[in-house]
Structure formats: structure tokens, C-alpha cells
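As written in Swiss-Prot, here are the features:
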type    : residues                                               : note
BINDING : Ala53, Gln54, Thr55, Gly56, Thr57, Gly58, Lys59, Thr60 : ATP binding site
DOMAIN  : 40-217                                                 : domain 'Helicase ATP-binding'
DOMAIN  : 241-388                                                : domain 'Helicase C-terminal'
MOTIF   : 9-37                                                   : motif 'Q motif'
MOTIF   : 163-166                                                : motif 'DEAD box'
Amino acid sequence: MQNSHLSQQRFSDLALHRSVQQAIKEKGFEFCTPIQALSLPITLKGQDIAGQAQTGTGKTIAFLTATFHHLLQKNNINSSEQPRALILAPTRELVVQIANDANFLVQATGLKTGLAYGGEGYDKQLKVIDQGIDILIGTTGRVIDYVKQGIIRLDYIQVVVLDEADRMFDLGFIRDIRYLLRKCPVPQQRLTMLFSATLSYKVRELAFEHMNDPQYVEIEPLQKTGHRIREELFYPSNQDKMALLMTLLEEEWPERCIIFSNTKHRCEEIWGYLSADGHRVGLLTGDVMQKKRLSLLKQFTDGTLDILVATDVAARGLHIPDVTHVFNYDLPDDCEDYVHRIGRTGRAGESGISISFACEEYAINLPAIEEYIGHSIPVSQYDAKALIEDLPTPHRIKRGAFDSRSNLQRTIKRLKKTY
């Protein structure tokens, strides 16, 4: 069982293609993380792998390195201009993040990547794909759309990557995954890599069906919540929740913070109070347009925003560095979501703080969460008289370009007027 951030395995000791090796060196990577140290010696030999690893463990670089190495080792000219590698991820944000992480390898090797995800950018994505690509990174729905239209053929695929496989199961994408894998060459004629936070029975079944005798690699922390994360729990009344949150933000003064709530409406309420109080805060929910979502994530990463209020859409798969604090304004209904939420902090060897509210509505979720993580969350008390009393009048969300539902409604109205 590995529990350190880096292993003793050096990238320079791996039999990587020289262009990939040089890119890794220039990027400043010297030692592998545990998942990289265990998976790369297998995948560089062309063997399939099913790896268990949480986000933030370096698995993206593990499969990107292997993918670029494999395509370069084949050393065949892509005259078809069709993709030779297919990387599937559950969300468009993760697709974009993987593409960003691959940029240094793209620049060093000359291999070309294309994106395929829903929400926006259809024409832009098509333009890139039409020019010929080596690696397609996408969500299942948009990739299937391109395949059925004949825009993309998967006959030339040499590498397949399934990232966050368990999450794709949770979102109901398994039929889409199987459809795409059947369009690819048979498992014996390609390298397939699967990564998942858990290697559950259903994930292993998928590996058995569509992989060629995969090697199983598991990197599991000593405790599910990570030993670098300081957890804290409060029992506020529903009436005190907002005042307690704003008081703690004033006391903790987090450098970069994510506040999770279970519903879009509650997220908007939290955003309204914090925005009115002068905090640099962004709102990330399922209704936010893709362009706006990417802009928010960039502002948060760049430090233009200090706080991000989000539903679980941002809890998994996104690489957001240097998050110092995570607040569970609502305890999640799903135990795994608790782990993935607080896993936004304490990444890459850094420490982090997680503060959760077990309120009247969601305290019922606490026993199952503590059983799942294997320990009780330390409880802290608060003095209701010491909480901030004069809460500001919350700002209201301005509907418009901000949310996709409003855009759809406006489009329908225009069509009705036209016809």
C-alpha cells in the first residue's frame, strides 16, 4: 500500500520515447507518483491496465505519457487523418482538463489532439477534427454523434483510455462506452487503459469484456479522506447555517475555497449572500453554460475568484490546484461524494481543511458517511451569540447568458415568433 506523494521511480529510468522523455524533463517531473510508477512499466510494454486511483494522484499524466509513447513507437504515418487514440471522460470539464494537461506533450511531439464534448463549440470542434488528429478526447455522447454522422471512424484506434470509469457508470454512460468500444479494433489489437476511483464489480466486468488480460493496479490511501486533510464538523441549526458559514470564512480567511451544496437553489442562495458581502465568488451548477463554466474555473485557478460555490458537478475529475478549504454546507446524500468533495483539497502533497455542517436537514447522512470513511469526524462547537448578525441582502442571479435553460427558453420564443 502506497501512501507517499512520490515514489522512488524516476521518469528518466523508464523506456519512454525520446520526445516524451524530453517533454517530461522540461516539465520538471523527476519522480513518478505511485500510480505512475506502477502503471507505466506495464503500459509501456503494451499491456492493458485497470488502475484504481483517486483524482490528484497523477493518473492523467500516467495515461497521457503511455498514450503518446505508444503512438510514437508505432511510428506510422496517420494518412487517414482519423484518430489513433480515444480518451473518454465523464464530463466536459474533465475533457478540457485532460487536453490542457496534454499540451506540453503535444508541443514536444507534434501529435495533434481534438476535443468532442457537448454544450458548445460544435463547429470549432469539427474544424479541428477535419484537419486530422491523432488523439480524440471527449465525452461519450458527442463522440457517438460524430461516429454516427461518419465524421469520425474508430477503425484506426490503437489506444483507448477510460478515465473515471466508475463515474461514467454512475452517470449512465455504460451503454455508450460499450457501443464505442465495439467500434474500435478488438482488444488484442489495441492498448486499453482504464482508471477508476474504485474497481467495483461492474468496472471489473467492463474490463473483462473489453480489455486484453489487463493488469490490475491499486493505489488506495490509508484512509479514504486523506491524512493531509483536517476534518471538522459543526451541528448548526438551519437558522444559523449562513451566519456560521460567513463567520468561519471571516475567521479562516481561506486562500482558495470550494463550498458544496446539494441543490442548485441552495448554491444560488449561498452565492447571493457571499457576493453581497463583497467576496470574490463564482457559481458552478449544472445550468451554467459551458463557456461560462470554463471561464469560472480559469478565474478560480488564476486567483481572480477566491470562492467557488458548486454542486457535485465539480466534485470529481477536475484538477484545481491549491484549494486550501472545502466546506460541505450540506452533507451529501452519497458517501462517495463526501470523499470526492473534500478530496479537492490536500492534493499533491499539500495539506487542506474540510469543514462540514450537519444541519437539521442533512445530519441523517452523517452515520453512513462516517462508516464509509472509517472514522468519526471531529466535532467543534460554536457560540450562536458570536456569529455574524447583520447578514447582507443577498444578490439575485441575473438570468440570461448565465444559464443554459434561459438560453433555450429564449430560442424557443424566437422560433415561435418566426413561425
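The chain as shown is numbered from 1 upward.
The backbone N, Cα and C atoms fix where each Cβ goes, and this holds for glycine too.
Known features from Swiss-Prot, placed on the structure.
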residue	record	contacts (Cβ under 8 Å, 6+ apart)
Ala53	ATP binding site	Ile35, Lys59, Phe195, Ser196, Ala197, Glu218, Ile219
Thr57	ATP binding site	Thr33, Pro34, Ile35, Ile219
Gly58	ATP binding site	Cys32, Thr33, Ile35, Gln36
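Outside the motif 'DEAD box' (163-166), and at least 6 residues removed from its termini, the chain residues within Cβ reach (under 8 Å) are 55, 59-60, 63, 87-90, 94, 98, 194-198, 200, 203, 206, 316-317. Under DSSP, residues within the motif 'DEAD box' (163-166) fall into helix, strand and coil as 2 helix, 0 strand, 2 coil. Through the fold, the motif 'Q motif' (9-37) approaches residues 2, 44, 51, 53, 57-59, 61-62, 65, 68-69, 72-73, 104-105, 107-109, 217, 219 of its own chain, all at least 6 residues removed from its boundaries and within a Cβ separation under 8 Å. Secondary structure at Gly58 (ATP binding site), taken from DSSP and collapsed to helix, strand or coil, is coil. Cβ proximity to the ATP site centre (mean Cβ of Ala53, Gln54, Thr55, Gly56, Thr57, Gly58, Lys59, Thr60, cutoff 8 Å) flags the following additional same-chain residues: Thr33, Ile35, Phe195. Across all of the motif 'DEAD box' (163-166), the predicted model scores a mean pLDDT of 88. Take the binding-site residues Gln54, Thr55: by the count of other Cβ atoms within 10 Å of each Cβ, the lowest one is Gln54. Reduced to three states, the DSSP call for Ala53 (ATP binding site) is coil. In this view, Thr60 (ATP binding site) is surrounded by 26 other Cβ atoms within 10 Å of its Cβ, with every protein chain counted. The binding-site residues examined here are Gly56, Lys59; by Cβ neighbour count within 10 Å, the least packed of them is Gly56.
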